[in-house]
Amino acid sequence: MNLTTARSPFSVSSLSNGDDRKFSLGGCSSYDTDSVASRSSGVFSGYDTLDTPPSYDFYSNTEIFGRAKKSRPSLFQLHSNPQIRCMLNIWGVILYLRLPWITAQAGIGLTWIIILVSSSITGITGLSTSAIATNGKVKGGGTYFLISRSLGPELGGSIGLIFAFANAVAVAMHTVGFAETVQALMQERDVSMVDKLNDIRIIGVITVTCLLAISMAGMEWESKAQVLFFFVIMVSFASYIVGTIIPATPEKQAKGFFSYRADIFAENFVPGWRGLEGSFFGMFSIFFPSATGILAGANISGDLKDPNVAIPRGTMLAIFWTTISYLIISATIGSCVLRDASGYINDTVSSLSGECLGVGCNYGWNFTECMTNKTCPFGLSNYYQSMSLVSAFAPLISAGIFGATLSSALACLVSAPKVFQCLCKDKLYPGIGFFGKGYGKNNEPLRSYLLAYIIAICFILIAELNTIAPIISNFFLCSYALINFSCFHASITNSPGWRPTFRFYSKWLSLLGAVVSVIIMFLLTWWAALIAIGIVIFLLGYVLYKKPDVNWGSSMQASSYNMALSQCVGLNQVEDHIKNYRPQCLVLSGPPCMRPSLVDFISTFTKNHSLMICANVITLMKTQNSYLKKLRRIKSFYHTVVADDLHVGVQMLLQSTGLGRMKPNVLVMGFKKNWRKAQPNNIENYIGILHDAFDLQYGACVLRMKEGLDISRTMQAHGMEYFKTNFRKIFYSLLDPEELMATSQPTTVFQTRQGKKTIDVYWLSDDGGLTLLLPYLLTRKKRWGRCKVRVFVGGEAQKVEDQKQELKALISRFRLGFQDVQVLPDINGKPQSEHIKRFEDLIAPYRVSSVQKDGQEADETTKDFSWMVSDEEMETFRAKSLRQIRLNEVIQDYSRDAALIIVTMPVGRRGACPSSLYMAWLEIVSRDLRPPVLLVRGNQENVLTMYCQ
């Protein structure tokens with residue numbers, strides 16, 4: 001496969017000033033010496049070459065009058081040789097004990113608005129819940145399951161904890177409502193245990209303990225109890241409606257009940273704010289928990305026979321009928337009962353003298369005294385048991401209160417553990433797995449029941465219903481906001497997997513519901529809203545940091561895909577700019593676990609900044625993604641191709657890897673340490689990979705370490721000893737080879753802090769600046785941040801200071817922060833004879849002594865072996881060979897204790913420079929060096945700029 005034809009169409013255009021001249025494919029003499037800086041490189045390097053030292057002209061956009069601007073030779077020039085339950089939970093303590101009081105405070109008109117706004121939020125949330133619940137099979141976990149499987153574990157986990165906690169607090173709210181009613185009945189009969197608050201606490205604790213016993217007995221007992229409660233509530237409603245029609249007795253009239261009266265309706269239609277809670281949002285925060293039972297069915301989704309049908313139908317019907325019931329009760333009780341009444345049978349107009357205030361005067365009652373003193377014990381504003389007063393048979397209302405409060409408390413006491421159990425099983429947070437254990441055939445979360453019980457008791461001890469209700473309003477609103485956002489997000493991402501069978505929803509309505517929920521959170525209690533959102537953000541951050549190993553096909557994944565696709569397409573519409581250049585590395589790592597040093601080093605400067613793709617050419621497919629993600633925490637893609645040999649596989653990778661602008665521009669590979677023992681065709685393939693990279697306008701990096709990069713042999717050598725000491729671990733990991741590999745992964749030098757060492761950069765030929773950019777990226781990381789970068793360049797002995805100042809000025813314009821620049825005049829000297837002899841011995845096995853490969857005397861065997869080096873080629877490349885030998889001597893002198901050595905890689909022409917000779921150059925430059933050596937060659941295009949545009 002000849003990749004020369006696949007090179008960039010701009011690879012032979014060398015003049016930056018608009019000149020379109022092309023260069024011939026012959027020797028150096030046919031190049032334009034005015035535009036390609038070749039002549040000065042002879043002085044610099046000691047031999048005639050197109051490869052040029054760093055120069056200001058290569059990065060400048062301006063020209064100097066009277067002098068032709070020099071341009072860097074292109075890579076082509078250098079390299080080429082010519083690419084139901086809900087209704088019971090909604091009807092709760094607020095319906096019986098607070099709705100009449102809210103009607104008195106806000107008036108019938110605003111109470112209806114409060115009810116309708118609450119129902120609108122719950123209705124929209126019900127539609128969203130129905131859509132999510134019908135998009136696939138719903139398991140146990142209710143609201144948490146719906147959100148987490150839709151939005152992912154990050155938001156799902158946080159809202160799961162909050163919703164479980166809110167349900168546990170709701171148990172306390174409904175239980176305190178029940179205890180208030182019992183205490184009121186006791187007070188009517190002058191019975192008391194301690195005092196009002198402590199009586200409520202005692203009754204509440206006893207009640208929630210009984211409910212816990214019912215819950216732990218199993219869902220069958222709980223369901224039977226709920227049916228009984230539902231029957232009691234319906235009978236109490238009937239008793240209330242009948243009571244509003246029956247004419248009021250004098251005793252009831254003294255307490256403010258007069259049956260339906262138009263003037264009472266008119267009086268109660270407008271607000272009558274009183275007390276600290278006397279405001280629209282104060283009333284809203286107290287009422288809203290009464291509408292939050294819509295998820296009671298969803299919360300026991302795992303116990304429903306067909307949740308995909310039961311959840312939408314039960315939720316929407318429950319919202320409809322409970323809303324109707326709230327509106328009816330608010331309107332009827334506001335039309336029948338006064339706001340204030342004394343309860344004294346003698347407070348009539350005829351028996352009292354003086355001014356008479358209020359609507360009661362129209363019916364012969366004078367409540368002026370208690371109204372003026374604000375001591376009236378009865379009326380909507382003062383008597384929480386007003387529904388019992390109106391009812392045809394008061395004990396039925398008490399029974400209804402018992403049924404409503406106990407059913408709601410029981411529903412919440414079941415919901416919270418079920419949600420929490422599912423959360424525990426997903427193992428998103430540490431230390432909660434203990435509560436996820438299930439018992440019995442129904443997998444009842446008994447430990448979670450006990451936790452919810454303890455939380456409920458803590459809030460029951462507050463014993464103030466008006467204090468508890470606002471606390472949970474924000475938590476429920478937060479849950480509803482996320483449910484609505486889940487539905488919107490799943491719809492807007494247009495994921496093919498979003499196919500709910502429930503069609504009566506709108507993504508924009510869901511978004512409106514989410515926004516309104518958040519707004520109301522702040523309007524109710526801004527500090528509580530901040531706390532709720534803060535908890536969500538904290539839990540979200542924790543899950544994002546831990547990255548749990550779960551994959552639920554969430555809408556976040558779909559959104560990430562859409563965003564990535566959109567951004568990739570957008571990148572293609574904008575031309576590349578030097579300022580935005582990033583080294584995007586295609587790393588020939590093989591299995592990454594076998595060359596951890598290579599993977600760790602490249603990850604050092606690509607992590608969170610640029611693209612890294614670990615590539616492997618194999619004959620059998622095997623993934624290494626979990627190794628990169630879990631074991632090394634490296635942000636990289638893993639790409640595998642199947643090919644007959646390495647060279648062909650890399651050719652496939654170079655041409656096909658990446659997407660649009662998100663494709664590699666630098667090839668990274670390890671140094672072939674055993675090349676002298678390898679077959680010659682392996683050397684040919686190795687060097688051929690570099691040639692292919694240059695043909696396709698890639699930069700190239702070769703990393704060499706003294707101990708080598710491939711750890712497979714080291715692992716084999718220690719295999720038996722490790723097997724003996726870790727037999728049990730190995731036995732259990734036989735089905736997971738990656739786990740076995742993980743148990744013996746070594747720590748590399750690139751995973752430790754480098755301290756105050758140096759990074760020595762030998763910037764000998766200008767490759768566009770990649771040789772300088774890589775050490776800069778390294779020093780931005782903590783592990784390398786304390787290292788000092790030293791830049792070494794070649795020069796002449798007579799002009800050392802001038803050249804040093806010129807190079808320092810150039811580097812300062814790049815804003816890299818490198819201060820230490822050293823000019824090496826001795827780099828042009830002759831190497832020591834023993835080092836020359838060692839190089840000749842190195843290349844000797846690959847020499848052809850008596851023939852010239854391209855001459856008439858070459859026989860058929862030598863023509864087929866392009867890796868062989870003839871005498872003529874040795875002489876042609878003698879200066880360049882001596883250059884590499886001398887460079888190694890200089891590096892030995894200056895950089896023996898460096899943390900890393902970065903050297904400009906020499907370029908050999910394809911077809912002109914034998915592969916064995918090129919391999920010998922790479923060997924001799926990096927030989928006998930203790931620090932890691934990185935040979936770097938950019939693609940001869942600028943990756944650094946001194947300009948702001």
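Each residue, glycine too, has its Cβ placed from N, Cα and C.
Remember, TrEMBL labels are computer predictions, not curated facts.
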Range annotated as transmembrane segment in TrEMBL, from 389-411, 412-434: 389-411
The annotated transmembrane segment range in TrEMBL, which must be one of 318-338, 759-779: 318-338
Recorded stretch, among 200-219, 225-246, 318-338, 475-492, maximising Cβ pairs under 8 Å relative to the transmembrane segment (389-411): 225-246
Positions on the same chain near the transmembrane segment (446-463), where near means CB under 8 A and six or more residues out: 164-165, 167-169, 171-173, 175-176, 179, 197-198, 200-201, 204-205, 208-209, 212, 215-216, 413, 416-418, 420-421, 424, 434-437, 439, 471
Stretch with greatest number of CB pairs under 8 Å, the transmembrane segment (475-492) reference, 200-219, 225-246, 318-338, 512-545 candidates: 512-545
Considering the transmembrane segment (225-246), which listed stretch of 200-219, 318-338, 512-545 counts the most C-beta pairs under 8 Å: 318-338
Segment confidence, the domain 'SLC12A transporter C-terminal' (743-948), expressed as mean pLDDT: 84
